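Working notes, beginning with the structure itself.
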């Protein structure tokens, strides 16, 4: 978690990512992509224009070191050398994710703020169950209505225990979360996207604002926009039924790769995400996948596998 301060903080962030940060309203955040000069995805970030005087940036923990090196060396120092006003603070806060249909009722009991007014991808700084200095963002990685709570590290256990006092709140590990994010069609960095995959190939062009596409002023813009015009060689796929499971699986009859897969707890069948050549990417296409040297049928379907339940305040 990084805070970006200074009058040039938006210009700084937009020199690194492909999203339209300038258009964010106070308190609003967006998923955006940190791209490289070849158009590949270095990381996916959530950037929030806080109600205070800074941008709040959440990186993948596994990418934190390389992201900070890019932030500090490649951009912040360059801009500061030309007189720009930007500086970074790295937070040592912990992150707790509270996800699911009971979230609002459970969390509201510990808030003075009205959660009904906090829409998806919006954020407030507040006190949660007596713990001050928490940032509550209505987002998450499960496809469900939920929040991510940035909490001072020294009080994270205390807050977690308070949340667990509710009878319908349970601890969940990464495997449980992974099954839900695949159901929701959400990419995982290092599996479904990485520095060799562009936003066009990953089906993530919706993260690029119209103004940024026209300006082409982000790393790798020329490569990415050329792919949009010419159509990328490969396209993300989702497949279900049969025995589409685990690991990376090669389709023997169609050039393609499965990048994520698991048994779906909601659907009771195996599901997977991956990439195939454009010519074979239409929903309804039947494929064969190889699992442990055995071939099994699979069907390309539309994502998400399970409808998302994000909260959009009226």
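Placed from the backbone N, Cα and C atoms, the Cβ positions cover glycine too.
TrEMBL does not curate its annotations; it predicts them automatically.
Non-local contacts of residue 148 (substrate binding site) by the CB criterion (under 8 A, 6+ apart in sequence, same chain) comprise 58, 95, 96, 97, 136, 137, 139, 140. Residues or ranges marked as substrate binding site in TrEMBL: 148.
On the 0 to 100 pLDDT scale, the model's mean across the domain 'GCVT N-terminal' (2-209) is 95. Residues or ranges marked as domain 'GCVT N-terminal' in TrEMBL: 2-209.
The domain 'Aminomethyltransferase C-terminal' annotation in TrEMBL covers 256-306.
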